[in-house]
Amino acid sequence: MSLLNVPAGKDLPEDIYVVIEIPANADPIKYEIDKESGALFVDRFMSTAMFYPCNYGYINHTLSLDGDPVDVLVPTPYPLQPGSVIRCRPVGVLKMTDEAGEDAKLVAVPHSKLSKEYDHIKDVNDLPELLKAQIAHFFEHYKDLEKGKWVKVEGWENAEAAKAEIVASFERAKNK
């Protein structure tokens, strides 16, 4: 089955499927799944010696304001393989702006059927403060050595904001 056929979720916006592009703690290589072919491409080698603090992927059949599917960070006890799909629950969103405009990153935790470890996390404020700081620090600095690129982290928003972003981006993609 092609990743292109993976639905956005089981019960939007509460129960989503995230297609993983970059595993947590991986080498500083940005991978992207081509949305037309489903192939995993090397997008670029990151200039900074940093790694993604969480698994990084997207929700199929969504369209964020930056023109791409909605980006999602997924903390897990182990790194996930690129191209894998994980069932999740959205808990928050990191609002940012970069050189191209608005760029939000959702945070979602594994669904209870996969692990009970995250059942107590209902909102981004339930995540460990250190993890939130690592995520914000990563995105504030991962483009530092790339000429003409920058990121400004604006802050965290709650689970309801994340769910609203999912619904809006799903509708945006449907109406495109």
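Numbering starts at 1 and runs along the chain as displayed.
Using N, Cα and C of the backbone, Cβ positions are placed for all residues, glycine too.
Swiss-Prot lists K30, R44, Y56, Y142 with the feature substrate binding site. Annotation comment: Swiss-Prot describes D66, D71, D103 as Mg(2+) 1 binding site. Summarising the annotation, Swiss-Prot assigns Mg(2+) 2 binding site to D71.
Taking the features listed in Swiss-Prot, we show where each one sits on the structure.
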{"residue": "K30", "record": "substrate binding site", "DSSP class": "strand"}
{"residue": "R44", "record": "substrate binding site", "DSSP class": "strand"}
{"residue": "Y56", "record": "substrate binding site", "DSSP class": "strand"}
{"residue": "D66", "record": "Mg(2+) 1 binding site", "DSSP class": "coil"}
{"residue": "D71", "record": "Mg(2+) 1 binding site", "DSSP class": "strand"}
{"residue": "D103", "record": "Mg(2+) 1 binding site", "DSSP class": "coil"}
{"residue": "Y142", "record": "substrate binding site", "DSSP class": "coil"}
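Across the annotated binding residues for substrate (K30, R44, Y56, Y142), the two most widely spaced Cα atoms sit 15 Å apart. Restricting the binding-site residues R44, Y56, Y142 to those with a CA within 10 Å of the CA of D71 (Mg(2+) 1 binding site) leaves Y56, listed by sequence position. Cβ neighbour density within 10 Å is lowest for D66 among the binding-site residues D66, D71, D103. Within 10 Å of the C-beta atom of K30 (substrate binding site) sit 16 other C-beta atoms, taking all shown protein chains into account.
Other residues of the same chain near the Mg(2+) 1 site, with their Cβ within 8 Å of the Cβ centroid of D66, D71, D103, are S64, L65, D68, V70, M96, D98, E102, A104, K105. Of all the binding-site residues listed here (Y56, Y142), it is Y142 whose C-beta has the fewest other C-beta atoms within 10 angstroms.
The Cβ centroid of K30, R44, Y56, Y142 marks the substrate site; residues of that chain outside this set whose Cβ lies within 8 Å of it are I22, P28, I29, Y31, D43, M46, Y52, given in sequence order.
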